Amino acid sequence: MNNIINEDLKNRILKEMETVFGVEACETWLKPLSLSLKNDILTVTLPNKFWSKTIADKYVQEVKSSIEKEQGGDIQIKYDVLEDTTPYKRPEIPPQVMGANYNAKIPFPSRLNPNYTFEGFIEGPSNRFAYRAAEAVVKKLGERENNPLVIYSTPGLGKTHLLHAIGNRILKENPYAKILYMSGEEFVSEYIESLQNRNPEAFRKKHRSLDCFLMDDIQFVAGKESSVQEFFYTFNALFESKKQIVLTSDRTPQQLGIDPRLSSRLLSGIVSEIKRPDLETRIAILRQKRDTSNFDVGDDVIAFIAEGVQASIRELEGCLFRLTTYCNIHGVTPTIPIAREVLSDIISMEEKRLLINPNSIKKVVSKHFKIDIIDFNSKRKNHSIAWPRQIAMYLATELTDMSLPEIGREFERDHSTVVHAREKIKEEIENDPFFAAQINQIISDIKAVDKR
């Protein structure tokens, strides 16, 4: 193996990790790490002592696997912490302020990504309320009418960007504000780590002394009883101290399945949904990414991508990166025919997704299970009806661009019933290969019907 990780290999690994964890997570947790390889030992240098080794390890294990595949052979992981080699110099303090009460101010390690700002966020009809609410939080930090702020959406629509933008704007106005960004998964991991180290008080002191707590993907805390309880007490401590709390989720507070006391707290502030961006917003997002990245891509190609990819901003930007990388490697200028070829798998999948009609789903599933179509909307709850209904609702979440409430209305059920059906069928598919094959056959039949 090479003694160091060369730049090409590092870039390839980073791109691969972005497909696994997403661009935002890699920017926050992977890029700040320094990696070197010597004598089959991958040394991972954490940027400071506050960095969670538990969280970093999740990303590093994937990097390790990627390097082993790339170069062959097993490697070991060793962790280190970056030391500040700058010689210590006592700060010059006027004699009148020196003494026992003197405390030098040190910026709090916020974990924020400085690239995510309000200025870099494209506002549109789909996200306007969430964007304006985020700005209001900064102007009236900790005020009851804006606290907490909960932003929810499907993945890849900009929730994390807004979280970081809030923190970065606060720090711009007050560099010594105690801001902390973390995911729900990280909260759980650090809490467990504090229990294992028999030092939960340090964990509580850290999280309950903040000026602003920014938590991404709170749904990861749900279902973990002791972590939910710890977060509830942390929430109360911050809320009663008039400190700001901003949370994101992939579902509404009512759908989280958490302690009703906490759910009630989350609903007491502002709850805002980010929907899929419309065509104009998608074009604006791609133009901004093109201009900031200095990509040579014409507006006609930008419009083609924006029209063909509607699922998420993350996927939009990923398509732009894929196209420009392909064109750079082959020395060609991006055109619509080239974009159509390079992005055919994504755009064709998106087109198929948007073409599926919920009536086609009902028709095929009812025929497969030998029930009447009207049974999907009936009040009957016996297994012979409820099971096909759950399958049909699951397929509607997978094969259409309908929102959960829209699917609920299609089946005359509420969105929580749709969520339950989706999770139940997903679990069954994962655990039963025969059932998974059955679902795949139903999907093929639905697509065949929809083409007629």
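Using the three backbone atoms N, Cα and C, a Cβ is placed for every residue, glycine included.
Listed features, source Swiss-Prot:
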- 1-75: region 'Domain I, interacts with DnaA modulators' (REGION)
- 75-110: region 'Domain II' (REGION)
- 111-327: region 'Domain III, AAA+ region' (REGION)
- Gly156, Gly158, Lys159, Thr160: ATP binding site (BINDING)
- 328-452: region 'Domain IV, binds dsDNA' (REGION)
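Summarised as a single figure, the pLDDT of the region 'Domain III, AAA+ region' (111-327) averages 91. Remark: of the binding-site residues Gly156, Gly158, the most isolated position is Gly156 (fewest other Cβ atoms within 10 Å of its Cβ). Of all the Cβ atoms in the protein chains shown, 26 others lie within 10 Å of the Cβ of Thr160 (ATP binding site). DSSP assigns Gly156 (ATP binding site) to coil in the three-state reduction, placing it in neither a helix nor a strand. A simple way to gauge crowding: the CB of Lys159 (ATP binding site) has 25 other CB atoms within 10 angstroms, across all the protein chains here. Residue counts of the region 'Domain IV, binds dsDNA' (328-452) by helix, strand and coil are 99 helix, 0 strand, 26 coil (DSSP-based).
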